[in-house]
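Pulled from Swiss-Prot:
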- Ile47, Arg151, Thr171, Gln172, Tyr173, Arg174, Arg297, Val298, His299: ADP 1 binding site (BINDING)
- Arg150, Ser227, Ser228, Thr315, Leu316, Ser317, Asp318: ADP 2 binding site (BINDING)
- Arg150, Ser227, Ser228, Thr315, Leu316, Ser317, Asp318: AMP binding site (BINDING)
- Arg150, Ser227, Ser228, Arg300, Val313, Leu314, Thr315, Leu316, Ser317, Asp318: ATP binding site (BINDING)
- 42-103: domain 'CBS 1' (DOMAIN)
- 123-186: domain 'CBS 2' (DOMAIN)
- 199-259: domain 'CBS 3' (DOMAIN)
- 268-328: domain 'CBS 4' (DOMAIN)
Amino acid sequence: MPASSDKLQPKDQQTIELEQKLAVQSIRVFLQSKTSYDVLPVSYRLIVLDTSLLVKKSLNILLQNNVVSAPLWDAQTSKFAGLLTSSDFINVIQYYFHNPDKFELVDKLQLNGLKDIERAIGIQPYDTRSIHPFRPLYEACVKMIESRSRRIPLIDQDEETQREIVVSVLTQYRILKFVALNCKEIRYLKRPLRELDIISTNNIMSCQMSTPVIDVIQLLTLAGGVSSVPIVDEQGKLVNVYEAVDVLGLIKGGIYNDLSLSVGEALMRRSDDFEGVFTCTENDKLSSILDTVRKSRVHRFFVVDSNGFLTGVLTLSDILKYILFAES
């Protein structure tokens, strides 16, 4: 009898793998059959900022409206001019930190001067791609992955004037939530994460509660594309996270006066609507991960072992890449 049971086990594993492969392929077909416009809610609010606006005023607008990014508009050319994100404010902080004598320049900086800041501190600008809202959703996902961005602007064109129209901005989170809400196939994604090769485990940056905020900001700048730094205790156990968007709340009271604060002190100023730290283990399944995305506003999962030690990071970009390109 034991020998017979052993023979059945590989078949069970093969079934799980086959079901996952077919499920991913089905989700991919779903993404190809839908447009970016299909993801948008029936009604929504969109904040678009003119490139002549002062950076400090744009920060206040983002905070007052509880958003972390906004499309930019060049009134002179009547064209979309990029996206304003927390990374732009981090770049300005870096510039001011290394050039304290330029305080007045930073205080009068307009949004159209952010590219000059990038060049001054040696930051490679992001490739901000856009897409027409009626193009396939799959195409929008691929463009996001190729440009290393977590969001993509949807740009239409007025038929009479031929001028561009900013329709909305689509995020990886919104796309994956759309998948989780509409694709029943996710229940077949039962392979453990450790088998999928989608967890980042090498060179995971971290900090502690006592780490100066400016050190964490420098980590966010140097890493490129990283939007958060996990906070661990002396033993390496995960206790919290410092996100790029936390920088916005830190500098709202003045122009970068509190960079000497520790991470722990800075977190005291965090907004009350912080979603929390989401964790998983390498034994969790994508089905449960996407179920969490369906229920909660989550942007990444920190992978921990059974004792709570940080072992890796699983981003929404990692999940999206797997759905787009794996199991083909």
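Each residue, glycine too, has its Cβ placed from N, Cα and C.
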In DSSP terms, helix, strand or coil for Arg150 (ADP 2 binding site)? coil
Neighbour count first, Cβ atoms within 10 Å, every protein chain included; then name which of Ile47, Leu316 tops the list of binding-site residues. Leu316
Quick one: of the binding-site residues Arg150, Ser228, Val313, Leu316, which has its CA closest to the CA of Arg297 (ADP 1 binding site)? Leu316
Reduced DSSP assignment, Thr171 (ADP 1 binding site): strand
Thr171 (ADP 1 binding site) and Arg150 (ADP 2 binding site), Cα-Cα, nearest whole angstrom: 6
Separation of alpha carbons, Ser228 (ADP 2 binding site) and Val313 (ATP binding site) (Å): 10
Can you tell me which of the binding-site residues Ile47, Thr171, Tyr173, His299 is spatially closest to Ser228 (ADP 2 binding site)? Compare CA atoms only. His299
Nearest by Cα to Ser227 (ADP 2 binding site), of the binding-site residues Ile47, Thr171, Tyr173, His299, is His299
